[in-house]
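Only one structure is covered here, and it is reproduced in the block below.
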Amino acid sequence: MEQKKQNPTAEDETQIISRRIQRISLHITPIPRPLHDHDNNLGLLPCATREKLEVETEKLSVYLRGKYRDMQEKIYEYFNARPELQTPVEISKDEHRELCWRQMYGLIRETGIRPLKYVVEEPAKYFAITEAVGAVDISLGIKLGVQYSLWGGSVMNLGTKKHKDKYSEKIDSLEYPGCFAMTELHHGSNVQGIQTVATFDPITDEFTINTPNDGAIKWWIGNAAVHGKFASVFAKLMLPTHDAKGVSDMGVHAFIVPLRNFKTHQALPGIEIHDCGHKVGLNGVDNGALRFTSVRIPRDNLLNRFGDVTRDGKYTSNLPTINKRFAATLGELVGGRVGLAYSSVGVLKIASTIAIRYSLLRQQFGPPKQPEISILDYQSQQHKLMPMLATAYAFHFATVNLVEIYSQMKMTHDEQLAGEVHALSAGIKAYVTSYTAKSLSVCREACGGHGYAAVNRFGTLRNDHDIFQTFEGDNTVLLQQVAADLLKQYKEKFQGGTLSVTWNYLRESMNTYLSQPNPVTSRWEGVEHLRDPKFQLDAFRYRTSRLLQSAAVRLRKHSKTLGGFGAWNRCLNHLLTLAESHIESVILEKFIEAVEKCPDASSRAALKLVCDLYALHRIWNDIGTYRNVDYVAPNKAKAIHKLTDHLSFQVRNIAKELVDAFDLPDHITRAPIAMQSEAYAQYTQQVGF
């Protein structure tokens with residue numbers, strides 16, 4: 001008998017495998033149901049049913065979408081009623097550009113929506129508009145952003161009353177379509193290094209705009225190739241002097257430059273416009289390149305909020321240095337960065353909705369002699385999509401908070417708040433857009449071969465969104481801004497200075513976080529403890545504080561031999577990790593606050609579950625960091641992993657309700673595999689059956 005146990009026969013092995021399969025099958029239940037099963041009876045086993053939350057989707061949706069829901073619905077309904085304005089799957093670059101213009105023109109002229117007014121007076125409403133139009137077509141969202149946030153925003157934020165009186169109404173009505181000409185062929189992130197020059201001529205009371213070399217050609221300028229009639233051109237302001245140099249560089253300023261004749265639409269004298277051509281994505285946006293040769297504009301066309309030139313050629317400003325004026329100028333343009341982060345979350349919501357609805361619909365394999373099961377019942381699919389869904393919720397609340405403090409900054413003009421918004425918008429934009437870009441590929445893969453069909457949108461979403469990681473600030477550069485600000489705050493802590501609100505935890509708890517981990521709490525593994533928001537937030541902040549302290553030590557050490565720049569470059573990957581860690585802490589903090597503020601009990605319970613999954617999944621993903629410093633003992637790490645899997649399963653049970661709460665109608669998601677009724681029928685019709 002012993003010999004037989006030690007050397008099982010093939011028949012014994014078959015029996016063992018069969019028993020294992022039977023046990024595994026107890027954990028996955030065949031669910032032969034259509035996606036439109038409104039009673040959402042998932043057919044769960046009794047042990048699982050007890051843990052399924054009851055979620056009132058409408059109440060959760062109201063809490064998520066807030067007071068601008070009606071405005072977004074107005075936009076959705078407008079495009080649903082006009083099929084001729086819906087972007088087809090197959091469309092040429094030139095056709096897409098014209099369609100994108102007609103989409104924007106129709107929306108503005110026929111609905112009475114005036115985005116520029118909201119850019120200035122009610123930014124949260126403006127960002128809700130851009131999210132909605134971006135859901136229709138990301139190219140449309142970007143083109144609208146160029147017109148109102150960039151071209152219009154530069155006039156309103158960098159100009160003075162004379163500019164607003166002259167241009168605002170016609171920008172809002174699209175009579176003055178325009179561009180934002182900052183980026184050059186040789187300079188993108190380093191704006192202070194741009195080479196276009198605007199030299200004042202005191203004889204004619206004009207500025208002369210020149211492109212001194214090919215590297216200074218304005219490049220990737222949205223709206224320039226086809227539709228733009230004006231541009232906010234960023235250039236070095238040069239004043240004539242009587243010394244050997246002949247001119248004095250006053251730093252980068254913005255100038256309104258007419259580009260085309262209003263009657264003929266031809267480029268004006270001295271202006272050369274070329275098409276940047278077909279792109280990886282966003283081909284509904286007409287990006288162009290601009291070269292200026294002795295282009296003369298009136299002195300009044302200088303956007304002079306932060307610096308002006310008198311009739312006799314004297315420079316005046318309330319800000320004493322070039323760097324301060326430059327910082328003030330860029331600070332007023334941070335709204336574009338806020339909007340991109342907000343819109344990126346909208347793209348993640350769409351992709352998650354398509355992938356999850358399809359995963360609920362699609363059935364493959366199952367226990368022997370039983371119906372096939374939904375692919376979302378497989379742990380591997382849950383692992384791909386449930387943390388992503390949780391992250392979409394986390395990002396939603398973080399960007400809503402970012403919009404709120406940005407709006408507060410615009411109303412109060414508080415300098416400390418402006419600094420906080422600048423750093424926070426840089427970090428959130430970088431973190432959110434990078435995550436969304438990766439997630440789009442995960443969603444495509446999670447939908448198998450059908451995810452590869454263009455009609456199901458992942459390819460277009462992925463290609464259109466990809467550039468979000470680059471424009472309005474390259475993500476790697478933006479994260480360095482966050483790291484630099486953290487180090488500045490770290491220095492303030494030890495000098496007794498005032499910290500901004502977002503960074504308060506560095507003062508309040510740095511000593512606690514940098515002390516040796518408690519050997520007792522590092523071993524606690526109870527579910528109640530792991531789901532305690534205090535434990536989760538403490539873990540995130542502990543990691544950030546360790547990274548910050550060690551980064552400061554390394555920079556100090558290397559700067560002695562490499563200098564400041566060399567030390568920064570030597571520690572760059574460390575600094576990027578530090579910035580990401582801090583942003584994750586902020587995102588979790590805002591998610592926890594949103595859960596606590598939710599007025600509806602069922603929605604609050606669902607959000608708490610999703611928040612716990614987000615937090616523990618992030619901790620598990622970086623478990624090596626916590627283990628290396630004994631913040632988490634081996635038994636606790638195992639418990640975190642186990643609970644994360646269990647929470648993914650629980651979130652799967654309410655996944656339909658969670659994506660339904662995004663409130664994205666079928667005519668907006670537009671993917672046949674994500675239709676809430678007769679998905680396969682719609683899909684087959686697409687190919688002609």
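All residue numbers here begin at 1 and follow the chain in the order shown.
For all residues, glycine too, the Cβ spot is worked out from N, Cα and C.
In terms of DSSP helix, strand and coil, the domain 'Acyl-CoA oxidase/dehydrogenase middle' (179-295) has 6 helix, 54 strand, 57 coil. What TrEMBL records for 179-295 is domain 'Acyl-CoA oxidase/dehydrogenase middle'.
Sequence annotations record features per position, and here TrEMBL assigns FAD binding site to Thr183, Gly222.
The annotation domain 'Acyl-CoA oxidase C-alpha1' is assigned in TrEMBL to 331-486.
Sequence annotations record features per position, and here TrEMBL assigns active site, proton acceptor to Glu472.
Sequence annotations record features per position, and here TrEMBL assigns domain 'Acyl-CoA oxidase C-terminal' to 532-676. Look at the domain 'Acyl-CoA oxidase C-terminal' (532-676): DSSP puts its residues at 124 helix, 0 strand, 21 coil.
Across all of the domain 'Acyl-CoA oxidase C-alpha1' (331-486), the predicted model scores a mean pLDDT of 94. Comparing Gly222 (FAD binding site) with Glu472 (active site, proton acceptor), their Cα atoms are 12 Å apart once rounded. Less than 8 angstroms from the CB of Glu472 (active site, proton acceptor) sit Gly336, Arg337, Leu340, Lys429, each of them six or more residues away in the same chain.
Counting other C-beta atoms within 10 Å of each candidate's C-beta, the binding-site residues Thr183, Gly222 are led by Gly222.
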